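Heads up: the structure comes next, in structure tokens.
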Amino acid sequence: MNVLLQELFIIILSAGKGKRMFTSIPKVLHKLAGKPILQHIIDKVLYLKAKKINIVYGYEGKLLRKKIISRGFSLNWTLQSEQNGTGHAVQQVIFKEIGNDNDKILILYGDVPLISINTLRKLLYSHSGFNISLLTAVIDSPDGYGRIIRKNGKISKIIEHEDALSIDKNIREINTGVMVVNRYYLRFWLNKLLNKRNKDKEIYLTDIISIAYKSGNIINSVQPEKVFEIFGINNRFQLMKLEKIYQIEQAKKLLLNGVTLSDYNRFDLRGTLKHGKDIFIDINVVLKGSVIIGDRVKIGNGCVLKNVIINNDVIIHPYSIIEDACLDSNSVIGPFAHIHSKSKIKKNVHVGNFVEIKNTIFGKNSKVGHLSYLGDSDIGKNVNIGAGTITCNFDGKKKNKTIIKNNVFIGANSELIAPVIINSGAVVGAGTTVTKNINRKDKIISRIRQFSILRKENNSK
């Protein structure tokens, strides 16, 4: 591990109520790309291998702990019962935590989800030889942000937007809030803020900058790799904007790595994607969780894939939903198919339109063309399932299994009442209700006999 990161402690400020979100849950639990805003930050800082990660929260602590995944790292949760500013939030941790004077304290914000690990490493590595380092950014529209004030090129203070003079508001270098401070100096400077509050009776963390400057410290600063990394979320419009930025960035990476997207503005990745070569993804496709796609796969418009493995040369026609499933090579799915609940589709299979497959193994070279439901089933090779076939797997108390062995033909509009076994080579006639096991190569049919009803002619005039 790099020496610069060995003494690293992280504080993530997440106590804001998100009033402008008009919500009943903590702002940092609202989702960006399918996971909580705060989770984006945590997932990145875990790569820094800090000694401790402290999350300062304001309310709904139980809900936060439930929704946030620690990925095996022990997160420390600190309550800021009264939201009295960013300085007050950091005080809740730094005055209670025991550590070495030389510890580096990285301060982040739970509502700034797109900051990159490369930018954080850049900030940490540049901190060597300084007591305090800031992440600043130069942006075209700095309204709402605190301005960086420099004297002779050196940072001397930060002025909040509402306190800035007209001349200061022309400054385009802004404070992102992200900083690294040595523990001794952070504690020392925060002590000086104990009795210093703004007009809203809040303690601003940014006030330590002027204290540091006046005591002879040089305030180090670096810029993010990309400006959008420092954008925060205070309302749902800003959340939507960052969602769009995030999705376009993901799409660019995929395009540059050989994936063809029909329209990168209409692609949605809400998890992770591992992919092979020569993949085509049409518009309005949503990928969730862990998605693994092999070579030469084609995915039609409007499909939703969640926690799936798709092997080589699979074609998925439009508006198919595939969740928690594995598709073997050379299969053709959809349109409007629904495959889910640990189903496994073997090689060279056809699953047609309006077919639902749940918790089922569907064997090699088998076909189910349309309008069928196959649940809790084990289906062999070379099986043909006719239109309208359903497995009746639930008896009111438990799910029961249907087993269809190799080379079976099931006629259209058949009902298979589980538990039932249809042995190899059997033929089930159209419209049959199967209530008991069928022997090998048997041909069975059970349907109401067709008959005519004679109508008397009406001779009345």
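The backbone N, Cα and C atoms fix where each Cβ goes, glycine too.
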- From Y184, Y185, Y373, grab the residue that Swiss-Prot records in the same UDP-N-acetyl-alpha-D-glucosamine site as K27, Q80, G85, T86, Y109, G110, D111, G146, E160, N175, N234, K358, N384. Y373
- Item | Further acetyl-CoA ligand in Swiss-Prot, beside A430, R447, within candidate set A337, A387 | A387
- Out of K27, G85, D111, N234, A387, which of these binding-site residues is nearest H370 (active site, proton acceptor) by C-alpha distance? A387
- Message: Looking at the binding-site residues listed here (A387, A430, R447), whose Cα lies nearest to that of N234 (UDP-N-acetyl-alpha-D-glucosamine binding site)?
- Response: A387
- According to DSSP, R447 (acetyl-CoA binding site) sits in coil
- Task: Find the shortest Cα-Cα separation between A430 (acetyl-CoA binding site) and the binding-site residues K27, G85, Y109, D111, E160, and name the residue that gives it.
- Result: K27
- Message: Within a 10 Å radius of its Cβ, which of these recorded positions (K27, H370, R447) has the fewest neighbouring Cβ atoms?
- Response: R447
- Message: Give me the long-range Cβ neighbours of Y373 (UDP-N-acetyl-alpha-D-glucosamine binding site): same chain, 6+ apart, Cβ under 8 Å, in sequence order.
- Response: V355, E356, K358, T389, I390, T391
- Pop the mean pLDDT for the region 'N-acetyltransferase' (258-461) in here, whole number is fine. 96
